[in-house]
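**Student:** Structure below; questions to follow.
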């Protein structure tokens, strides 16, 4: 087609056609720039849109006139071997693509990169009619929108004439098998004529999370395996649940009760109650919509379903606990006798009794936690736990710890969480869900359809306030006082805001933490660190004062600063920077001005107080104008003012009470005391609420204690004196009004920061409510929500009017337990052991028996192992059993030898090796003997007294041969005792001479006398005995022993007759002062002299003078030489005496009238000459020795004159003094009373 066919078209018409077709125009990349359109001839038009193909590149036909008139271009255009696809213009302007764009925006062509055409899909079955390549090319060419310039159609068939006819036919089946997708499936393939696409395999998506560019969650996200399980809708798909351990009432679980006591049924309450019976549920409802009713109904049904399980209701404050108690009594009708209210005021013993008897408990979470940890409460018996104000269940709060403790021992319990605001962020709400093991959420907002009819209108008014002139003046003075400290802090690059009025507590704490973690803080010297810590501490406290000044008034600010000044001036150690602030002239000027203003009665420290008084007065005036009814007094309405600090609350109440009696204001604060005011205990809080409901008080100025959960009556006006960035607190405040009728909320906001904080809180609340309602951003714990009721049981609802028990209406007081006159026995401690655990010990002989096996009660018995008698046990090699030389050396080195050569042989510990020490309290330095040590010593002494005399020196169990004390010959004292001769017996009669017990002489005595003189005498002489002294004993005896010895020397005590069975008192062995604490009757009778005399002889008793105490110590065994008197041996064997006779220091001694007497003389031979020397003892062939067992090494001693020998007596050494110190010495007891 030639160009002459369009030569008669007018230019205007062509422009219109060009505009209509330009939106989808295709421009090849090799086109030259458009030339200015001009008219060539009378019927020809040249517009510059000449295709390159028409220039002869592809053989297009052209007329001869055009070739003649065309001028050669001076630019050479290079054409590539392959044609580059041209860019596609979607529209000439943005208005074509985006018609809604603004007209002032820059418009231009929008280029879109052409996409590659998708490959042709091969059909599995060839169709009978296949289009040829030429027809496809023609069809594709028709789809392309050409330019208005007509072009000639090119016939491609000329270029394809040489190709075979089957070049474009489908390939054979055996050649195109690879292109057909292979599907592997367990089900047979479907017969279909359509092409089957291969299934796209998805990679595992565990732990992945797809989000949008703006941080939102992408739709259709596959939950990871770590998240909670999906909600199964069919019973066959659900995981089997183990049966509960709680005892259920089979008849009661068939129905569940919904009370109709409060009037018409609310559908949302019914839905929430039904879901809360079978799932761990989080209920988020605006205040005043019946959360208390929902909790009471669920508690009632679990009280019916279980027979002995327990139900716990927890609330953070005591007023909230008492509020729920009344709801359960008046709505659910739970018997009062089965309920109790426990707090920290009751003793643990009283709470333990309540846990053992009652079933329903109203408690604070801290008390529940303590009772569970101490074993007072049994976690396995709890079936339902109700958590009020559940948004507190974050971090380490008591709610979290209680649920965690229950989960350790109890897998079957229900959790019901109640709150008005679940959290201030998505993370906080998720933490509450995880800590309380929530599986379902029921949330309603004020815009929800099913609660709109029960929510009254709330008018919210925001009042923006500017600071007063007084506040601006105080800011300037206080800023100048703090400016040097702020500059010093900024110089260290720890803080960057040089305006002191911008200080906040949070900002200071954050800056301090950041500086300490930075490199400058870590590398700083200790002096710099101390300076920075002091600066941060002072400015943090000043940040709180600035907040009081800006948002609460001059009064609270002055109270805080006055305490700061008193602390610095009073202690005189306030620190350098505190003194710098207090002593600055600006600070002093500021305090003087504030003091002058405070002294005025009509002074108002903040413009908020002015607006507050106007708002409250207008509200009461409007109420009196008839808004509350014609018969209602003006003060019948109620107002609550919320503030953050107690000082501010007291200032507000003071200003409001100036407008009495119309306004009767009272503060409502917590229980803790502050520096300037005391708190309100539970009784005062309840009394204030009662007066507020009754009308005695019509305005309450409350802190955060009044924000959560309290039902403080019908409130028509809420005034928020300060704003909070927490949406939870703001919503709790606003929920106090609009319950029974329309309410009004007034917000007093300072321009700037407080205004922005409120807007942030409002937006945050709305966003969180939408997220919780959708549930797409949270993960729920369906795996921990047990149904408790068997799945085969489907309880039916029973809507009825609950009859309140008579006991619930008679006593209006709270069910607090009273202290009993006589406390009961303390309950046994519970150790929270798992069920079925085997306590105590098992004998090794019964390990294989089935009698005590835990599985025996289930009918499972252990199969006894049968031994094959025919099979012999393998006999090991002898070398593998016995020890070789190397093993024996190792055994001797490790087990038989000890280093240092102390003891070569190591034996078993012998408890009888030190009997004296076991029966004696040894010396102590700083720590005295304990109760059990004294008891053991007393026990050993008593056992010693009960032992037979002849076995007292024998080791038990036959470790040593019995002693030969019974074979000692009769003492020659018997004849003299019977004769009672007035004169001393003759020395020639050896039978009448009593040989005193001998011991080794001292070294000095042995050196004095020569060896020739130290021989056995031919004539018996009265001699004094030698006593033993214990070197290791205490040098100073006890006071009791010294007094006893002194009495013996100064007086003569009558002695019993010889025929009497009475034995004289002996001396008490007292090695330390601790022995005085033993019992007075610890005296032991270890035997007498008669016990060692031949039993064939007539036994007599030696009456001795003096007094003594019975000794509880074992006898000391001495080595004696056989004595021969006048050539006649007293005994043919050694004489072994268990105790040494104590004699006084007399030179001659004899027995007169059955009593041993002593004569003192200054002259005479040395009495030491009568004793054998050590050489004589060594040379004696007939002398036999016995091992001497004594606790301490012996030493020499002397006798004191003028004292008669007494049994079991110790005396102390004295040189030449009759009244000297006595030496402790053991003597032979001459009493056969033990026989």
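Any Cβ shown, glycine's included, is placed from N, Cα and C.
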**Student:** Tell me which range among 376-379, 380-383, 384-387, 388-391 Swiss-Prot lists as motif 'DEAH box'.
**Tutor:** 388-391
**Student:** Looking at 20-78, 197-255, I want to know which stretch Swiss-Prot calls region 'Disordered'.
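**Tutor:** In Swiss-Prot, the region 'Disordered' feature sits at 20-78.
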**Student:** Looking at 788-807, 808-827, 828-847, which stretch does Swiss-Prot describe as region 'Disordered'?
**Tutor:** 808-827
**Student:** When a 10 Å sphere is centred on the Cβ of residue 291 (ATP binding site), how many other Cβ atoms does it contain?
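**Tutor:** Excluding its own Cβ, the number within 10 Å is 23.
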**Student:** Against which stretches of its own chain does the motif 'DEAH box' (388-391) lie, if we need a Cβ under 8 Å and a gap of at least six residues from its ends?
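**Tutor:** Hits for the motif 'DEAH box' (388-391): 282, 291, 295, 313-316, 320, 324, 399, 417-419, 421-423, 428, 432, 436, 708-709, 728.
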**Student:** Using a 10 Å radius around its CB, how many other CB atoms surround residue 286 (ATP binding site)?
**Tutor:** 20
**Student:** Where does residue 292 (ATP binding site) sit in the DSSP three-state scheme?
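**Tutor:** Going by the DSSP assignment, residue 292 (ATP binding site) falls within a helical segment, counted as helix.
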**Student:** Under a criterion of Cβ-Cβ distance under 8 Å and sequence separation of at least 6, what residues of the same chain contact residue 290 (ATP binding site)?
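**Tutor:** In sequence order, 266, 269 meet the Cβ cut-off.
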**Student:** Residue 289 (ATP binding site) has how many other Cβ neighbours within 10 Å of its own Cβ?
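**Tutor:** There are 22 of them.
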